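Student: One structure, as structure tokens, below. Some questions next.
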Amino acid sequence: MAGQPSHMPHGGSPNNLCHTPGPAHPPDPQRHPNALSFRCSLADFQIEKKIGRGQFSEVYKATCLLDRKTVALKKVQIFEMMDAKARQDCVKEIGLLKQLNHPNIIKYLDSFIEDNELNIVLELADAGDLSQMIKYFKKQKRLIPERTVWKYFVQLCSAVEHMHSRRVMHRDIKPANVFITATGIVKLGDLGLGRFFSSETTAAHSLVGTPYYMSPERIHENGYNFKSDIWSLGCLLYEMAALQSPFYGDKMNLFSLCQKIEQCDYPPLPGEHYSEKLRELVSMCIYPDPNQRPDIGYVHQVARQMHVWTSST
């Protein structure tokens with residue numbers, strides 16, 4: 001969804017978006033495990049235009065007819081093809097995502113199932129993303145100043161720390177999912193739900209796009225954990241400095257990419273342009289053993305210190 005408007009604040013309540021009165025006795029969620037919301041339906045939205053397309057979903061700019069708020073409406077197209085447990089877990093996870101409330105995270109406002117299709121309502125505002133900024137600097141043949149790197153990275157760390165403190169992993173941190181407003185505010189979006197899709201459903205899509213941010217534990221199918229988000233943060237910090245992924249290579253196949261990732265084989269960042277602290281943090285995050293990577297509290301602390309230091313020099 002690079003180059004598309006992001007799902008970001010455009011007014012509206014941080015609580016459920018649709019405020020139509022519920023029944024006198026709301027349905028018991030235990031008896032309806034797939035029921036996310038009983039208050040919204042597609043009839044409550046006027047869809048204006050498509051603003052993005054993901055691997056498994058489409059995103060539309062829409063207006064909620066109940067309060068006239070402009071939102072992003074994400075329709076998960078393959079929800080009906082997911083197995084029953086994946087559906088239930090996905091619904092549960094979205095419930096957790098709706099509880100996140102942080103200035104650097106795109107807010108999940110509401111969600112509902114209609115015609116066997118999952119619909120997610122998100123905050124929206126027009127903005128660019130980090131991948132666009134990286135492409136711009138690359139085209140200009142200029143490096144991103146270190147103070148700018150820390151200005152955005154510290155906000156991203158704040159968002160991830162909020163998620164991790166609530167035991168929620170992002171699972172898909174990459175430049176295209178880091179949106180930047182016109183006033184320089186970072187908004188982390190597209191919180192990863194892809195793991196809920198069944199292997200049969202996703203098999204044909206698993207190699208769509210080169211997974212440059214894939215961690216060694218994912219290559220070995222050892223499962224995703226909080227330290228996998230740290231690996232992705234390290235890759236993103238590196239890419240902001242080098243203007244390309246640490247494991248990028250021309251004409252590289254998936255096997256050679258996996259080899260480079262397992263060996264942490266990437267070109268060093270230029271010492272004459274970036275501080276030792278930045279280069280050190282990258283190497284700590286892009287580390288093969290997840291248990292040896294720092295936690296988000298440490299990464300955020302370093303980012304705060306460096307943001308203050310580079311802003312004052």
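Backbone N, Cα and C atoms are what each Cβ position is placed from, and that goes for glycine too.
Sharing the features that Swiss-Prot gives for it:
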type     : residues : note
ACT_SITE : D172     : active site, proton acceptor
DOMAIN   : 45-310   : domain 'Protein kinase'
REGION   : 1-33     : region 'Disordered'
REGION   : 267-270  : region 'Interaction with APBB1'
SITE     : Y108     : site 'Autoinhibitory'
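Quick one: how deep are these features, and who are their neighbours?
Tutor: Taken residue by residue with DSSP, D172 (active site, proton acceptor) is part of neither helix nor strand, so it is coil.
Residues 143, 238, 241-242, 246, 278-279, 282 of the same chain, all 6+ positions outside the region 'Interaction with APBB1' (267-270), place their C-beta atoms under 8 angstroms from a C-beta of that stretch.
Long-range C-beta contacts of Y108 (site 'Autoinhibitory'), restricted to its own chain and to partners at least six residues apart, with a cutoff below 8 Å, comprise I94, L97, K98, L100, I120, V121, L122, L191. In the three-state DSSP reading, Y108 (site 'Autoinhibitory') counts as strand.
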Student: Under the DSSP assignment, what numbers of helix, strand and coil residues are found in the region 'Interaction with APBB1' (267-270)?
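Tutor: Split into helix, strand and coil, the region 'Interaction with APBB1' (267-270) gives 0 helix, 0 strand, 4 coil.
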